[in-house]
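Here is the structure we will look at, set down as structure tokens.
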Amino acid sequence: MATRITNQKLSKSSRAWMREHLDDPFVKKAQKEGYRARAAYKLLEIQEKYKLIKPGMTVVDLGAAPGSWSQIAGKLVGSKGLVIASDILPMDALPDVTFLQGDFREEAVFEKLLNILNGRQVDIVISDMAPNTSGNRAVDQPRQIYLCELALDFAQKVLGPNGQFVVKVFQGAGFDEFRKQVVDSFDVLKTAKPAASRARSKEVFLVGQGRKKALQ
């Protein structure tokens, strides 16, 4: 049986977060326009600025649940494209999106992904992954950078020539070192801070374009 959450059962910080969330214009907009999360508008702004995803492309979305980025990618690639959404968490089905549940680091999951690709070249890897935060920045920051490194390693394995990469990164310890890894792997690096990113958030999005022939 569902339990009703009352203000009395929430901490002061949780109540503040809930008020901010419910009042967030991007949350309201996502609900109105049918997106699964406000994060959709981050990718939409990046797409509007850089025109990364095009009809017929093959896209892999890491840490895809609940699926807002995959929603956008599926619409952009169209019927001739392919979007593979991967997450260790379950995700409700989406039209024009193939969902693969599991840890993409595991050989069995990676092999399933290759089977889905069936020889297709991956044009872009997108990642909005973030760890479950503890509130301790000394713990959360390295965890998030680690996820970024996993996403980059995956991209290096699957991207075709001139492939592209979009990844969410928290600014802080390890950011500069990770940024250099992306610089070493792509011809062009751009940094985006979409309007849908909350002002207090340390997140930015690194956009790598033109996968280098010899990845570092």
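A Cβ is built for glycine as well, from the same backbone N, Cα and C atoms used for every other residue.
The model shown is predicted, which means the values in this text are computed figures rather than measured ones.
The S-adenosyl-L-methionine binding site annotation in Swiss-Prot covers Gly67, Trp69, Asp87, Asp103, Asp128 and rests on sequence analysis. DSSP assigns Gly67 (S-adenosyl-L-methionine binding site) to coil, not to a helix or a strand. Non-local neighbourhood of Gly67 (S-adenosyl-L-methionine binding site): Arg36, Ala37, Ala85, Met91, Asp92, Leu94, Val97, each in the same chain, at least six residues away, with C-beta under 8 Å from its C-beta.
The 10 Å shell around the Cβ of Lys168 (active site, proton acceptor) contains 23 further Cβ atoms across the protein chains shown. What Swiss-Prot lists as active site, proton acceptor is Lys168, and the listing cites sequence analysis.
Counting in whole angstrom, Lys168 (active site, proton acceptor) lies 5 from Asp128 (S-adenosyl-L-methionine binding site) by their C-alpha atoms. Each of the binding-site residues Asp87, Asp103, Asp128 was scored by the number of other CB atoms within 10 A of its CB, and the lowest score belongs to Asp103. The number of other CB atoms found within 10 A of the CB of Trp69 (S-adenosyl-L-methionine binding site), across every protein chain shown, is 29.
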